[in-house]
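Right, one structure below, let's go through it.
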Amino acid sequence: MTTSITTGQAPPVIIATTTTTTTTTTGQPLPTTYVEVIEEPQSQRISNRWTNTQNAHAATLGLLLFAYGGMDMAQGLQWNLNTGITTTYQLEYSWFIGVIIGAVVAAFTVTHVPKKYLYLLAGILQLIDAIIFVSEPNDYTSIVAARYVGGVGIGLLTVAFIIHNSEVYLGFSRGKWCGLEQFGMTLGILIQVLMDSQWHSSSSSSITINEVHGIIGIVFAAFATSSVAMSVESPIFHLRQGDENGARTSQTHLLGTATPQDVYNTLFDEYKRYVMEGTSQSFGKQLASSVVPFIKMIFCRCLVAFSFSVPLSLTMLGSTLIWKASMLSWPMILWSILRFIGALLAICSVDLIGRKFVSLVGLLCMSALMLSLAGITAHDTYYTNTYFMSQVCRISMAFQFFAGLFVISTPTYLGEAFPMRVKPFLIGLVVCIEQLIHIIVIVTFLKDAYCFFQYFVGVGIILVVGLIIFGVLMPETRGLSLRQAGDRFRRVHDIIAY
């Protein structure tokens, strides 16, 4: 039986279906009743204000720190052109190794330590990274050490940020707030690429590009770290510790004191059901039920590593030099801006259109454009041809736009996919695999014509396979509670795209 309720003060989350089971005295459960709660647009806007006003500081924290992380990542993916520091494998992969270390540490501590302490530690590590860049901008060893330290900070932040935002933000706004992780990384890529490609180095220059890199990092890290004091822990964290009073206090801080009591109770009961289901199952049982979600996330989150990589950066650099005879030209500027525009469009629409549809559009176009690059780079003579290199340049720019569309939904899916007990470990594992892909590409790519063709064909096929898997298996979780989204992920297939 389905009952639809429309109220003037609807709960702050659109609950697609809530299951209630009653047991009779004979021990036989009665038929399940599905209650569909339909929220009016006006009350949804009010609820959005309750949550967003109280938690915008947490999003700002993540945005600024991830932006500096994006700058560090881009520097390791060939955007180290005018720094005066020799580009080596160690310089390139050092940051990614740091991220792996940080993600592993966060996976084991995030359920026991309040997130604000992990945020604080991540901010301090980013600040140390930036200070080293300013104080020793021309010393190779110091810069490599700074990149290791900064990577550890981003690894800590990534796991904590995704878990925290997936728990405190509601179904109709979770997409954009979790998506700030990739939006911040995209902003950092934009800053580093523009700064590095357009930098005019000269002997009379009083400041180096690494010093500017560090100054930006100091500003971002200092501002973000100073906002940690305002961070509000998730009610789920307190409930897992058996502290119901602390959970209620956190929820009051998150929603505000003007929240109607029925709205407050509805949301708190949903948190309690989520924790109750998570604690009632053993670790092994939850791990077994996570096999399907884990496979889905491998073909979702790990594709992010192919959206910005060493071969793609070298392709853009080489094609621009052949076409325009200089990097100080509009294609290089537009290339990084288009990724940011794509990410901006995605973060504005992911909770309106849906996570899956936006990601599918981005992934479909990425697959086609990657195979187009393979078709052109299959011919050695095209590498010095102005016309074909102009086409490669245009395709690369278009690819970055659609990559921006695709990546925004991945942190939201990562925060929704796994059961409560195993969530931090599997999120950390997926993040580590993503970094390993970057490292493998860095150390195995030989930078000759045939390797470009091999890379584009191989990645193009991976993207096509990922597109099929994404379209058939990935769920649409817009408007669902965290518990309901997890149930959808554990289904084998889910072809609904809107």
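Using N, Cα and C of the backbone, Cβ positions are placed for all residues, glycine too.
Per TrEMBL, the feature transmembrane segment maps to 55-73 (among others). Beyond its flanks by at least six residues, the transmembrane segment (55-73) meets 95-96, 119, 122-123, 126, 129-130, 147, 150-151, 153-154, 157, 161, 164-165, 168-169, 177, 180-192, 213, 216-217, 220-221, 223-224, 227-228, 230-232, 254, 308 of its own chain at Cβ-Cβ distances under 8 Å.
Marked as transmembrane segment by TrEMBL: 93-110 (among others). Long-range contacts of the transmembrane segment (93-110) within its own chain (CB-CB distance under 8 A, at least 6 residues past either end) are made by residues 72-73, 75-76, 118, 122, 125, 144, 147-160, 163, 424-425, 427-429, 431-432, 435-436, 438-439, 442-443.
Residues or ranges marked as transmembrane segment in TrEMBL: 117-134 (among others).
If you look up TrEMBL, you'll see 140-163 (among others) marked as transmembrane segment. Same-chain residues lying 6+ beyond the ends of the transmembrane segment (140-163) with a Cβ under 8 Å from its Cβ atoms: 62, 65-66, 68-69, 72, 75-76, 83, 85-86, 90-91, 94-107, 110, 115, 118-119, 121-126, 128-130, 132-133, 178, 181, 210, 217, 411, 414-415, 423-424, 427-428, 431.
The list of residues near the transmembrane segment (298-323) in space but at least 6 beyond its ends in sequence, with Cβ under 8 angstroms from a Cβ of it, reads 73-74, 77-79, 92, 182, 189, 329, 331-332, 335, 339, 359, 363, 366, 370, 373, 377, 383-386, 389-390, 392-393, 396-397, 399-400, 403, 406-407, 410-411, 413-414, 430-431, 433-435, 437-438, 441-442, 445, 447, 451-452, 455-456, 459, 462-463, 465-466, 469-470, 473-474. As annotated by TrEMBL, transmembrane segment applies to 298-323 (among others).
According to TrEMBL, the feature transmembrane segment maps to 329-350 (among others).
The transmembrane segment annotation in TrEMBL covers 357-377 (among others).
Taken from TrEMBL, the feature transmembrane segment covers 397-414 (among others).
According to TrEMBL, the transmembrane segment annotation covers 426-446 (among others).
What TrEMBL lists as transmembrane segment is 452-473 (among others).
Here the transmembrane segment (329-350) has Cβ contacts under 8 Å with residues 175-176, 179-180, 182-183, 186-187, 189-190, 193-194, 197-198, 308, 316-317, 319-320, 323, 358, 362, 393-394, 396-398, 400-409, 412, 478 of the same chain, all six or more residues outside its ends. Below 8 angstroms of C-beta separation, residues 300, 303, 306-307, 315, 342, 346, 349-350, 383, 388, 391-392, 395-396, 398-399, 402-410, 449, 452-453, 456-457, 459-460, 463-464, 466-467, 470-471, 474, 476, 497-498 of the same chain, each at least six residues beyond the ends of the transmembrane segment (357-377), sit close to that stretch.
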